[in-house]
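Trainee: Below: one structure in structure tokens.
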Amino acid sequence: MLARNDDTSSYLLVKPVTKKEIYSNDLENGNVKRGASTHSLYLIGDPKFCRNNSSKQKSIIILCGPTASGKSYLGHELAKAYNGEIINIDSMQVYKEIPIITASPPKSYKTEILYHLYNFLSMTEDFSVIKYLKLATEKIKEITDRGKLPILIGGTGLYINSLVFGYNNIPDISEDLREQVRNLHAKIGNIELWGKLEKLDPLAASKINQNDTQRLIRAYEVFMQTNKSIFSFQTLPKEQILPDFNFKIIFLNPERKFLYKTCDERLDKIFKEGAIDEIALIKKQFAPKDYTNWKAVGIKEILAYLNGNLTLDEALNAAQIRTRQYAKRQVTWFKNQIQDKITLEYTNQEEFTQTLKKPFKTI
């Protein structure tokens, strides 16, 4: 496993060294074969990485990366090694009705480590980045006040970007207006709503695809609430969330062929271990308007199976394809949008799991 600091393009062991030096040193010591990846997370350089008492700034770890990359396992091991607690930073794992389809951490993990902001919200409740930031900052401060290390795990780029770099403070949308806009969309659909947006806010319409339902509705309701384009708020200074904290971002970046394999295997396991029954239950509990915007991969495909539009194999295959596409977008986003990060690269499961068996001595 390679640990790369993206600021310096160097690979980190006990001290920053070049990739060439890593292979040279390890070959001399007999640790690795030529061309093999280097060892493990415990060799990542900064001794103060996880120690909240070593400086005035308190540390926060953010463990990010594509779906099915091993974030939950790695985060759990870090929490055990460094007296940490886990905070969710995934927009779908907040919902209590769908722990299986969203691959939320297993109950066995939660008996060992405290987990926060997982599976607590009803699918019928509105949630937003602003609401997430409020809850997450409260949990971060509670955890550090207890002398523990906050470890945030997830793949929702908007949440991560807003927490680390700040956010544009768009006024809250009233519940009445939100309901009106959603009812309007249900009645007229994307194309006609986009046409209305174009007349009111041509800037937003020029930047939003007609098929992007979530962004389309959001832009329309923001204009109706504020009489301003949603994009006008992006020119304002961002409001910093946690200026007194030091963020350490670890990006898991598996080799693509291996990542796609783990995506397929995860979906297959999820389908076999209760996802069908889970989605069948919420299909009975909620009206269709309540779940049309649910974005978790697999929900739409399982609904199509339950409605008789796809066979089970077809639904699984469709969900696997969409998961791989989503994972690819996540990798691209994290590579391009988060510059100050440590990147962990690995090519197979054995390399990932074996390297993590060593102690995390110098993180």
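Quick reminder: no glycine exception, Cβ is built from N, Cα and C everywhere.
Annotations for this protein, taken from Swiss-Prot, read as follows:
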type: BINDING; residues: GLY65, PRO66, THR67, ALA68, SER69, GLY70, LYS71, SER72; note: ATP binding site
type: BINDING; residues: THR67, ALA68, SER69, GLY70, LYS71, SER72; note: substrate binding site
type: REGION; residues: 90-93; note: region 'Interaction with substrate tRNA'
type: REGION; residues: 214-218; note: region 'Interaction with substrate tRNA'
type: SITE; residues: THR156; note: site 'Interaction with substrate tRNA'
type: SITE; residues: ARG178; note: site 'Interaction with substrate tRNA'
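Have a look at these and tell me how they're positioned relative to everything else.
Mentor: The number of other Cβ atoms within 10 Å of the Cβ belonging to SER72 (ATP binding site), over all protein chains shown, comes to 21.
Averaged across the region 'Interaction with substrate tRNA' (90-93), pLDDT in this predicted model comes to 94.
Note on the region 'Interaction with substrate tRNA' (214-218): residues 181-182, 185, 190, 193-194, 197, 208, 230, 293, 295 of its chain, located 6 or more positions outside it, place their CB under 8 angstroms from a CB of the stretch.
The secondary structure of THR156 (site 'Interaction with substrate tRNA'), as reduced to three states from DSSP, is coil rather than helix or strand.
All protein chains considered, the CB of ARG178 (site 'Interaction with substrate tRNA') has 17 other CB atoms within 10 Å. Taken residue by residue with DSSP, ARG178 (site 'Interaction with substrate tRNA') is part of a helix.
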Trainee: Between GLY65 (ATP binding site) and THR156 (site 'Interaction with substrate tRNA'), find the distance joining the two CA atoms and give it rounded to the nearest Å.
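Mentor: The Cα atom of GLY65 (ATP binding site) is 9 Å away from the Cα atom of THR156 (site 'Interaction with substrate tRNA').
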Trainee: Near the region 'Interaction with substrate tRNA' (90-93), which residues from the same chain, at least 6 beyond its ends, have a CB less than 8 A from one of its CBs?
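Mentor: For the region 'Interaction with substrate tRNA' (90-93), the far contacts come to 99, 102-104, 118-119, 127, 132, 153-156, 158-159, 294-296.
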Trainee: Give the number of CB atoms, excluding that of THR67 (ATP binding site) itself, located within 10 Å of its CB.
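Mentor: Cβ-Cβ neighbours of THR67 (ATP binding site) within 10 Å number 22.
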Trainee: So around the ATP site, GLY65, PRO66, THR67, ALA68, SER69, GLY70, LYS71, SER72 aside, which residues have their CB within 8 A of the centroid of those CB atoms?
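Mentor: The answer, listed by sequence position, is GLY155, LEU252, PRO254, THR262.
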